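Annotated domain 'Major facilitator superfamily (MFS) profile' per TrEMBL: 28-487, in sequence order. Among the features that TrEMBL reports, transmembrane segment is placed at 21-38, 84-103, 115-137, 143-171, 183-202, 208-229, 299-320, 364-384, 390-410, 430-452, 464-484.
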Amino acid sequence: LRPLPPSESPSEMSCKRSIKYRGFILFLTFLFYTAYHLSRKPISIVKSQLHRNCSTVLQPTDLNITNNATWCDWAPFDQDNYQTLFGVLDNCFLVAYAFGMFFSGIFGERLPLRYYLSFGMLMSGLFTCLFGLGFYWNIHSLGYYGFIQVMNGLMQTTGWPAVVACVGNWFGKGKRGFIMGVWNSHTSVGNILGSLIAGAFVSSAWGMSFIVPGLIIASTGILCFFFLVESQFLFTRETLTQSLIRLNYTSEQESVETEQDSAHVDQTVNGAICTESTDLVEEHVEAISFCGALSIPGVVEFSLCLLFAKLVSYTFLYWLPLYISNVAHFEAKEAGDMSTLFDVGGIVGGIMAGLVSDYTGGRASTCCVMLLAAAPMLFLYNYIGQRSLGTTIGMLLLCGGLVNGPYALITTAVSADLGTHESLRGNSRALSTVTAIIDGTGSIGAALGPLLAGVISPTGWNNVFYMLISADVLACLFLTRLVYKEVQGWCGCGPRMRG
């Protein structure tokens, strides 16, 4: 070991390393969940290739065609009920995801997050690739694709509670809304990359639209295994241990100072004050029970709100490319590329929601305002969104921001706030369970949305949008009590709470 430079105290070195590791952990978890969403997106792009308008497709001269209307479709999606079959595939994934999410948080609190995440990403990569291999193996069984979707849905539940717990363990509440708003753009970035990658192969060999994202998420699982540091407790313990060892080469006096600094770190780095209470939680603290997590104030309300908010978001995730293809008559690749604008708007919406909620201290109020504004925007998009290219782009960006903003805020900053609520008395091991409850409830809506869209869309896309607008209004209703309390705090009638 090299001697400690005389100009740096152990506490200064610990602070510098902590800042670097925070940035590194933020980047790693961003990369991990980008890969999760990247591997979910191909199914929505490939739908318009599995069932096409064959009358517009050039027929090969050497192909014996028995049905001119469906010769280019991929069985079993060449039937008239293809939209229902697509809904079945979506729900095989989403119902399994919603069911598994409630258990995923419990496992996440009790297993090392590094191993848990690595296993989940490797298995998600495997099942995503198996879906794409159905193209090369010439598989036309709905049961095969349905089984793959179920298993992939279960494996994907490992991601969200674990990455939120990691970020929550490394960052305090002060700027959590903004930090997590920026960080949560991984959802939209993953959707965009997934659309572009799937779109690059969809017209020639749609199997590669799944295989390439599957290999990407499996690769990130390997990165996770070797590089993830899951909590600041482990980092600080290791840093303090190293500092104490190094101090043996200097003096006993500095060793005593380091032990005093370990309780509360108050350092100056590059001329700026770095004040960070470590608040180390002993590892023997028991994980919170499911019922205990439900009793935390606000968990039930935000969970039910997310159910309807995620219903809207995931309906767009799975059905927007097909809607654009049907209504605007775009090709599969063009519809997929156009749908990425919705996710671009979601990035901006998530960041703005975090900034506003940090400034005002009103997480529920921010969500409620955005959800109320989204309802009329969805109505306008359905009626005027396809009149011109400029209108389509503008409405997709605006709707994406208003729909995904509340969804992003609830699943990140709100979940982290509630998982470290003052009623827990410092028990940080509730974070993964609370996150899983909120996102698991939301995932029920995520399963219902695409299912309802598959059932309703044959009656007309207008009815699908009426369903989405109703869901936004219901999401607002579940937040009324929390909004009332926040308004009371602003008016001086009660304590003002800031996440």
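Backbone N, Cα and C atoms are what each Cβ position is placed from, and that goes for glycine too.
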Notebook entry, point to check: Between the transmembrane segment (183-202) and the transmembrane segment (364-384), are there at least three Cβ pairs closer than 8 Å, leaving out pairs fewer than 6 positions apart?
Noted result: no
Note to self: Short question: most Cβ pairs under 8 Å with the transmembrane segment (84-103), which of 115-137, 208-229, 364-384, 390-410, 430-452?
What the structure shows: 430-452
Item checked: Predicted model, mean pLDDT over the domain 'Major facilitator superfamily (MFS) profile' (28-487) -> 81
Next item on the list: Sort out for me which stretch, of 21-38, 208-229, 364-384, 390-410, has the most Cβ pairs below 8 angstroms to the transmembrane segment (143-171).
Entry: 21-38
Notebook entry, point to check: Do the transmembrane segment (390-410) and the transmembrane segment (299-320) share at least 3 Cβ pairs under 8 Å, sequence separation 6 or more?
Noted result: yes
